[in-house]
Amino acid sequence: MPISKGIFLSLLSTLPLALAGHRSHRCVVPSSNGTRDDSPAIAKVFAQCATDSIIVFQEGVDYNVFQPIKAENLSNVEIRMHGNLHLPQNISAVQEIVKAGNSYWFTLEGPRVDWTGSEDINHGWINSYGQAWWDANPPNGTGIENRPHLLSYTTSDATIKYMRSRKPIAHNCRLHGDDITVTHAIVDAYSTGGFPFNTDGFDVAGTNIRISDSVMYNGDDAIAVGSGSHDIVFERNTIGYQSHGMSIGSLGKDPTDFANITNLRFEDVTVIDALYAARFKSWTGGQGLVKNVTWKNIRVFNVTFPIFVTQSYWDQGANRGDVDESSSVMMEDFTWSDFTGSINTYQPGDGSCASDPCWYNAGLPNLQHTEAIILECNTATSCKNFVTENIQLYPQSMDAPHLICMNATAELNPRLGFDCRNGMYTALSERH
């Protein structure tokens, strides 16, 4: 039966979209089988197959990546990471490369850049050999100089599946862009010696980014949501070791940079042995607005600070000089609901302490480490519409849970769920 002109034109109009999604080139990355540096071969494949291609790192094959890889003009490319990558283990040589201006070992940029790792847990790993770097950190140091971050990934309309990172030296992945889905990732920065400073899992900025069904064991934020982020979801994940949790910020360090974040949801997450679980951090003197944020169904086991907000963030390595103490990044419509589990009473903190007092205890002189909730609002107007519901957290000592609360006024926070004060935590719904 002949089709109408209207239907024909409609089908014709979709042809460019169909063609845009087709990846017509399959490019297999060659390997030296461990005999030399494979970086030149990898860079050549990325250059030759930068558009409408599938780039294959073969399963069961090892690749030595001894020089940084920059692929900044990609478009509609799938990276099939079925082999295992190995970064160099010569610390001084890598430091010289970083000093020359290479902050990230891998830089991937362009629309529709997908990452597909192997479903076999033995394949698809990036091995950074961070343990030697962490062990080289001197006493009271916060990480040796010129550490490379692993991956800068800037894309849109992309899917990242089965990305696996073993012992990243510093930040694991800077993920910027729009409409990105991450599933079944593993970040393993578990240390057998020195503390793994700054081993962030995913530093995120963009719109409509979802990270789910993943595992992150590290020594900094599992996820850190930065300014300019909207519609971010972090769900069904397990995070821990000495993690700094599900974090927003830090924001407002530069008083001239207006922070803007909306619509974040952290849900159905298990947090094990971490310093923080749900965390917001902004600097005194900052400006901006963070609105509509929810942490829900969070299970914590041996966590020092399960719910933590500070608008007076402090960095043990920073000196900001004079700032406007009355200025804050504003927080509005925040909800914490259905938190269960144990507070780390007996061995609170983590291995990142390099100052006295420890950076995470600064400004909290009367800590008992039975605190279920700490809310440090900078002013009486900087926190609005805070809600807590069904907070079932208990100290390991079996003492009553406590709270520290500053400036979350009842007038601006009628559903806060407790009286904002320092002392024993009792939900208003539990009172008779």
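Numbers run from 1 along the shown chain.
Placement of Cβ uses the backbone N, Cα and C atoms for every residue, glycine included.
Annotated signal peptide per Swiss-Prot: 1-20, in sequence order.
If you look up Swiss-Prot, you'll see N33 (among others) marked as N-linked glycosylation site. Take the CB of N33 (N-linked glycosylation site) and look out to 10 A: across all protein chains shown you find 11 other CB atoms.
Annotation comment: Swiss-Prot describes N73 (among others) as N-linked glycosylation site. Residue density at N73 (N-linked glycosylation site): 11 other Cβ atoms are found within 10 A of its Cβ, drawing on all protein chains shown.
Here Swiss-Prot flags N90 (among others) as N-linked glycosylation site. Using a 10 Å radius centred on the Cβ of N90 (N-linked glycosylation site) and all shown protein chains, the other Cβ atoms total 12.
Applying an 8 A CB threshold to same-chain residues 6+ apart, the list for N140 (N-linked glycosylation site) reads A354, S355. The feature N-linked glycosylation site is assigned by Swiss-Prot to N140 (among others).
In this model, the repeat 'PbH1 1' (206-227) carries an average pLDDT of 99. The repeat 'PbH1 1' annotation in Swiss-Prot covers 206-227.
Under the DSSP three-state reduction, D220 (active site, proton donor) is assigned to coil, being neither helix nor strand. Feature annotation from Swiss-Prot assigns active site, proton donor to D220.
Swiss-Prot lists 229-250 with the feature repeat 'PbH1 2'. DSSP states for the repeat 'PbH1 2' (229-250), grouped as helix (H, G, I), strand (E, B) and coil, give 0 helix, 15 strand, 7 coil.
Look at N260 (N-linked glycosylation site): DSSP puts it in a strand. Cβ neighbour count for N260 (N-linked glycosylation site): 15 (other Cβ atoms within 10 Å of its Cβ, all protein chains included). Feature annotation from Swiss-Prot assigns N-linked glycosylation site to N260 (among others); the stated evidence is sequence analysis.
Positions annotated as repeat 'PbH1 3' by Swiss-Prot: 261-282.
In sequence order, T262, N263, L264, E332, D333 make up the list of same-chain residues 6 or more apart from N292 (N-linked glycosylation site) whose Cβ falls under 8 Å from its Cβ. Swiss-Prot lists N292 (among others) with the feature N-linked glycosylation site.
The annotation N-linked glycosylation site is assigned in Swiss-Prot to N302 (among others). DSSP assigns N302 (N-linked glycosylation site) to a strand in the three-state reduction. Non-local neighbourhood of N302 (N-linked glycosylation site): I272, D273, S342, N344, Q396, each in the same chain, at least six residues away, with C-beta under 8 Å from its C-beta.
Summarising the annotation, Swiss-Prot assigns disulfide bond to C377-C383. Residues within less than 8 Å, Cβ to Cβ, of C383 (disulfide bond) and separated from it by at least 6 positions along the same chain comprise V309, Q311, M330, M331, E332, F334, L375, C377, N407, A408, T409, L412, N413. Annotation note: C383 (disulfide bond) sits in a strand segment as assigned by DSSP.
All chains included, 18 other C-beta atoms sit within 10 angstroms of the C-beta of N407 (N-linked glycosylation site). The N-linked glycosylation site feature in Swiss-Prot is assigned to N407 (among others); the stated evidence is sequence analysis.
Counted within 10 Å of its Cβ, the other Cβ atoms near C377 (disulfide bond) come to 25, all protein chains included. Here the repeat 'PbH1 2' (229-250) has long-range neighbours at 189-191, 195-196, 201, 204-223, 259, 261-283, 290, 293, 295, 303, 313, 315, 329, 350-352, meaning same-chain residues at least 6 beyond its ends whose C-beta is under 8 angstroms from one of its own. The DSSP secondary structure for N90 (N-linked glycosylation site) is coil. The shortest Cα-Cα distance between N33 (N-linked glycosylation site) and any of the recorded positions N73, N90, D220, N260 is the one to N90.
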